[in-house]
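Asks: Supplied in structure tokens, the structure appears directly below.
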């Protein structure tokens, strides 16, 4: 069978308007909260992608009612009155948020539940979360390799107490504990070991918990306290547009001297990835904000930049491709956690930039990118079953003839309609 490829057409000076879907990060947090809240929660502007479908299917298998209307982009969750789970195995694909958020939710109920996924998921570490749950008194057993999925939770409710959890690999372990901690039998205190990565994502978690009626005491990101007995209140909730998904269109404007209006994104979003716009402005791009959109205009001239992307690592791939067309060197620092994503993203970006003919240095926690005078044409880009590789490297093809994206359907993980939206830029 011939592998599917998407060939990008070269172009510039676009004027386009783009709609981005709901945020995966917000959507999957909202689904966990909705499954815990008593009553019926209505989620609007929902994202329908691989990751959210795995999460919806999981909470459905755990006894909640999930009604979906993709046309209206709405999901209605009626939570199960009793959190007593049938003995079951949940297949999570390669959905990192689902694999990390579900274990504490399961621990807050009663039952024997296993979690597994595709082969890459079995290489993505879960030890820090499992260690934290064990400290809280939860029984967890690895089924294959210690520290990695698959694993089984045999739960009789979340006891609560005080735990320490590492913060330097992923903030999703902390988010998992925070989301379900109000349903522990006792108060929960989480102490962070080391420097906490991806703080904006922790802020999203705490803000959403508050939106649903639960308070978290944040002690300078070093310690978090959640009082037991708090309950989420079911409600109607609008899922914000995804800033990571929007980043590709910000990047397109930057490198093609284009004017692109991106809808469903605003300046006061709770997503840290919006800060990519600050970086692009420093590189020479013009940005203006509307009530529910952002207008990005390329200037025709970009400057290289050194930037710490610690708090916005999901858009580092976008910037890596933009850097190909800047004057001067770009250095992306402090993004070690890219190595434990859908693929080792630092290595993957390095490989594909080198194929295109850029001079690239791979760092332990980042990349140094030196633009070439001329790039290699007719290059096939490997996507490593990583949606962000496919989307970010599609930008390169707007400036370099003959770029082909292998396995373009991998974008279904977070942005199934990406290439349809991408095609809109060509239509004036």
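Using the three backbone atoms N, Cα and C, a Cβ is placed for every residue, glycine included.
Unlike curated entries, TrEMBL annotations are predicted automatically.
So TrEMBL lists the following for this protein:
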| type | residues | note |
| --- | --- | --- |
| DOMAIN | 12-421 | domain 'Enolpyruvate transferase' |
| BINDING | 24, 96, 124, 172, 345, 388, 413 | phosphoenolpyruvate binding site |
| BINDING | 24, 25, 29, 170, 171, 172, 198, 314, 337, 341 | 3-phosphoshikimate binding site |
| ACT_SITE | 314 | active site, proton acceptor |
Asks: State the Cα to Cα distance, in Å, between residue 337 (3-phosphoshikimate binding site) and residue 388 (phosphoenolpyruvate binding site), rounded to an integer.
Replies: 15
Asks: Whole number in angstrom, please: the longest C-alpha to C-alpha distance across 24, 25, 29, 170, 171, 172, 198, 314, 337, 341 for 3-phosphoshikimate.
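Replies: Greatest Cα-Cα span of the listed binding residues: 20 Å.
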Asks: In angstrom units, rounded to an integer, how far apart are the Cα atoms of residue 413 (phosphoenolpyruvate binding site) and residue 314 (active site, proton acceptor)?
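Replies: Distance (Cα to Cα, whole Å): 14 Å.
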Asks: Would you count the other CB atoms within 10 A of the CB of the residue listed as 'active site, proton acceptor', including those on all shown protein chains?
Replies: 27
Asks: Taking only same-chain residues 6+ apart in sequence, whose CB is under 8 Å from that of residue 29 (3-phosphoshikimate binding site), what do you get?
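Replies: Listed in sequence order, they are 97, 101, 175, 179, 204, 205, 208.
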Asks: Identify, among the binding-site residues 24, 124, 345, 388, 413, the residue whose Cβ has the fewest other Cβ atoms within 10 Å in this structure.
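Replies: Among the binding-site residues 24, 124, 345, 388, 413, the lowest count of other Cβ atoms within 10 Å belongs to 124.
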Asks: Return only the integer: C-alpha distance in Å from residue 96 (phosphoenolpyruvate binding site) to residue 171 (3-phosphoshikimate binding site).
Replies: 12
Asks: Taking DSSP as the reference, which of helix, strand or coil describes residue 388 (phosphoenolpyruvate binding site)?
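Replies: DSSP assigns residue 388 (phosphoenolpyruvate binding site) to helix.
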Asks: Out of 24, 124, 314, which of these recorded positions is nearest residue 198 (3-phosphoshikimate binding site) by C-alpha distance?
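Replies: Going through 24, 124, 314 one by one, the Cα closest to that of residue 198 (3-phosphoshikimate binding site) is 314.
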Asks: Same-chain residues six or more away whose CB lies under 8 A from the CB of residue 171 (3-phosphoshikimate binding site)?
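Replies: In sequence order, the residues whose Cβ lies under 8 Å from that of residue 171 (3-phosphoshikimate binding site) (at least 6 apart) are 196, 197, 198, 199, 201, 202.
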Asks: Can you give me the Cα-Cα distance between residue 345 (phosphoenolpyruvate binding site) and residue 314 (active site, proton acceptor) in Å, rounded to a whole number?
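Replies: The separation of the Cα atoms works out to 10 Å.
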Asks: I'm trying to understand the geometry here, so how far is the Cα atom of residue 388 (phosphoenolpyruvate binding site) from the Cα atom of residue 314 (active site, proton acceptor), in Å to the nearest whole number?
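Replies: Here the two Cα atoms lie 8 Å apart.
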Asks: In Å, rounded, how far does the Cα of residue 314 (active site, proton acceptor) sit from the Cα of residue 124 (phosphoenolpyruvate binding site)?
Replies: 16
